[in-house]
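Report on the structure given below.
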Amino acid sequence: MGAGALAICQSKAAVRLKEDMKKIVAVPLNEQKDFTYQKLFGVSLQELERQGLTENGIPAVVWNIVEYLTQHGLTQEGLFRVNGNVKVVEQLRLKFESGVPVELGKDGDVCSAASLLKLFLRELPDSLITSALQPRFIQLFQDGRNDVQESSLRDLIKELPDTHYCLLKYLCQFLTKVAKHHVQNRMNVHNLATVFGPNCFHVPPGLEGMKEQDLCNKIMAKILENYNTLFEVEYTENDHLRCENLARLIIVKEVYYKNSLPILLTRGLERDMPKPPPKTKIPKSRSEGSIQAHRVLQPELSDGIPQLSLRLSYRKACLEDMNSAEGAISAKLVPSSQEDERPLSPFYLSAHVPQVSNVSATGELLERTIRSAVEQHLFDVNNSGGQSSEDSESGTLSASSATSARQRRRQSKEQDEVRHGRDKGLINKENTPSGFNHLDDCILNTQEVEKVHKNTFGCAGERSKPKRQKSSTKLSELHDNQDGLVNMESLNSTRSHERTGPDDFEWMSDERKGNEKDGGHTQHFESPTMKIQEHPSLSDTKQQRNQDAGDQEESFVSEVPQSDLTALCDEKNWEEPIPAFSSWQRENSDSDEAHLSPQAGRLIRQLLDEDSDPMLSPRFYAYGQSRQYLDDTEVPPSPPNSHSFMRRRSSSLGSYDDEQEDLTPAQLTRRIQSLKKKIRKFEDRFEEEKKYRPSHSDKAANPEVLKWTNDLAKFRRQLKESKLKISEEDLTPRMRQRSNTLPKSFGSQLEKEDEKKQELVDKAIKPSVEATLESIQRKLQEKRAESSRPEDIKDMTKDQIANEKVALQKALLYYESIHGRPVTKNERQVMKPLYDRYRLVKQILSRANTIPIIGSPSSKRRSPLLQPIIEGETASFFKEIKEEEEGSEDDSNVKPDFMVTLKTDFSARCFLDQFEDDADGFISPMDDKIPSKCSQDTGLSNLHAASIPELLEHLQEMREEKKRIRKKLRDFEDNFFRQNGRNVQKEDRTPMAEEYSEYKHIKAKLRLLEVLISKRDTDSKSM
């Protein structure tokens, strides 16, 4: 050992490093997860695709959010309008970017996930509708007709970059699902366009931006309304061949022989697999693909299954080796307690199944090693076909990008009318395979199947182009090295049908019809639980295909060859396919019963619900007009749609307008307050920009504010009507009280009829308001006659007025016990005289108990007579005193000995005369801080030291000044009334603010002078 090596061994740092390495090696692989931060928000879509952070061309974060919202949020009321918690949204964002596995159901909620989706779109460096094309979108909607708009809009959408196009299509597809549930979530197309318009179009701030945003929202609504036309119009004549080939494709679910080779598809396994290096993009025009008519789509390896051609001589040996290999490794790889980790069939195209539990990294490594060894041993795999081992592993990734059959079945109803009409006539009999002459002609090429799925799925457009160029070389290798294979023919794939959405492939596996052919070439065996179906558009030509089967066999070419199921085993050993999940494997289950997927929990709960009828099959919406599907009792997952217990439309799922009528007063009040707040914000914003308050015409010019104003008036009217109904309802106790939050349809129809009958009976018994008033007045007249009380209040004494008050009070209580307080305008007008008389009597009694000190005219103001306040009418509390009508006689007779104390004897007539003089009230000037002339009077500070003659002289001067100012103010208010047709309000007094303030100070000084004179008079008498 050299000196250097000895020094390293003796170094403590080296020993410590060695110990640390031992610890790292000793830690299991599944505990060594290091989540690295990777920015997802605020990154361009092209960059996300380059980094491999997309699924089928859609950003992974968007994919996860939309999948979660599709399952849990479609019926959430106020979806996308109700914002999520800011902290929760930020935590979800950090988790996504740090690489931590995110479960939106546990870590967040529906509102937070919706807010996170809007945040992702909002933070894109270039908006979803790119800034380069946005002016053209806006210009298109500013001029042009409807038909021109639609065709031009379709062309503009095609000009979007691939990543933007795919995301826009995926987003619009999801939003159309949300709009279909607008009865529950209150989000129709226009509401969704209002929410997502600002997120898909980035407009500049300011007034111009607001106008531009309104147009962008209309564009978004147009895109959502015409989603099928704008995005699926690419299904043109160039796609006919592809449609027919895909329609004839046989997709086989899991077909397990008693034992099978386990192939685990978990998301954890997909993450650990090496990704193929990025490939350079070869520019190519969108129409170039249609010229290359004879190029074969060669797929990459899928699910670790190599490209192979099964020969008859290898079939039995393969099955025996697979049975023996499974016995050694199935116990390690597939736990019996986890049914979700069951192996998947190589023919099962959709690996987008719900996420299952991840096996440890060590188990994954072991599984991959064993699988590759078994494949090489069983299938004699070589990599000379242009696929490396990394490509083989990356095929698992491609399998995960497909949608599950269950999801395709659930989404099929969205493609009903468009696809049903479009697929008519897409028939090419030459491409219809009827069978195979020899077993050697049957190729089970899973890579071809998966590649067709991936190209039809189409959103990962850039990465699929170089693979298509490579496929021509592989085709030549197939012809050179493998004899007896079925010829291949490619699709005339244009750029337009590379970019088809995830829903364009839905009908491949779940919308087929079982066929039975007795031709001499091949027999297709089918069981009651597995039917291999054709596309419905091909059923009309089934007999013609049988007749031309001989010609087709010679010239038959297909993009994806059919698998002859007889090539897998002998006819005598043919068995039923074993379902992929153990929960489906029930020995006692009827073979004719449709199997439900593990995700059918919500369907089962709804079917087993006590008050609910069985739900319709999802296929009913897509093919509701086709009798061949209505009468097919074998169609999973539900019974036939023509059965008598078809679910009827519940009244609780009525239109939004019907539910509007059922709003409670509290809900109406909340909506009114919300609308008033929105209008107030608009007014404030308008005032900041224009420097003046918006008029009614300004509000009407804005469509949104005009809608708010109309809704506000409508809700106010409904609130008034609901209050009227409540006031007219009988207050008798009811047998059953229902919550206001439940729709009225939950109540029994019989109960509603009983309530209506009871209301009619009550209305028939209850007298009218006029009849009640007449009876009350008749009783009051009788009581007055019994007690010899005069009818005129002026002629009554104090005791008689007190008795009159009690009688009026009892009469009004009797009226309110029958009809309640007067609410409507008619009731108020009828009952106004009686209420006014009662109010006047009360005021006289309260006034009589307050004896003023001095008989000065100012004593009238110490307890002014308040006028009746009528509901719904504008009350004016600021009217002038008619003191000048007394003339100058009262003022000229003012002498030092004018003090006259009021007699203790009560006279109702003198009080009423005084009330008539005070009927117009008094002016209450605006509380302004403008300095008054009187405040600068130097004699004001010396009033306390002045003599009585000086005080009286000053009092006379102040009265003259008060009359002068009052006359000036009266002229101003009369002119204002003639010009505007209403009384002067406080905010209208600005031009005369100084006069009002001066008038206020003069009144205060007059009160002070009267108090001083009264005080001096009492002092002189006491002396």
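A Cβ is built for glycine as well, from the same backbone N, Cα and C atoms used for every other residue.
Copied over from Swiss-Prot, here are the features:
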{"type": "SITE", "residues": "R81", "note": "site 'Arginine finger'"}
{"type": "REGION", "residues": "269-290", "note": "region 'Disordered'"}
{"type": "MOD_RES", "residues": "S345", "note": "phosphoserine"}
{"type": "REGION", "residues": "381-437", "note": "region 'Disordered'"}
{"type": "COMPBIAS", "residues": "384-405", "note": "compositional bias 'Low complexity'"}
{"type": "COMPBIAS", "residues": "412-427", "note": "compositional bias 'Basic and acidic residues'"}
{"type": "REGION", "residues": "459-562", "note": "region 'Disordered'"}
{"type": "COMPBIAS", "residues": "509-524", "note": "compositional bias 'Basic and acidic residues'"}
{"type": "COMPBIAS", "residues": "536-549", "note": "compositional bias 'Polar residues'"}
{"type": "MOD_RES", "residues": "S597", "note": "phosphoserine"}
{"type": "MOD_RES", "residues": "S617", "note": "phosphoserine"}
{"type": "REGION", "residues": "628-663", "note": "region 'Disordered'"}
{"type": "COILED", "residues": "666-730", "note": "coiled coil"}
{"type": "REGION", "residues": "726-759", "note": "region 'Disordered'"}
{"type": "MOD_RES", "residues": "S727", "note": "phosphoserine"}
{"type": "MOD_RES", "residues": "T732", "note": "phosphothreonine"}
{"type": "COMPBIAS", "residues": "738-748", "note": "compositional bias 'Polar residues'"}
{"type": "COMPBIAS", "residues": "750-759", "note": "compositional bias 'Basic and acidic residues'"}
{"type": "COILED", "residues": "946-978", "note": "coiled coil"}
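On the 0 to 100 pLDDT scale, the coiled coil (946-978) averages 90 in this prediction. Counting only the Cα atoms, the space from S727 (phosphoserine) to R81 (site 'Arginine finger') is about 35 angstrom. For R81 (site 'Arginine finger'), applying a Cβ distance below 8 Å and a minimum sequence separation of six or more within one chain yields R186, M187, N191, V195. S727 (phosphoserine) counts 14 other C-beta atoms within 10 Å of its own C-beta, drawing on all protein chains shown. Secondary structure at S727 (phosphoserine), taken from DSSP and collapsed to helix, strand or coil, is helix.
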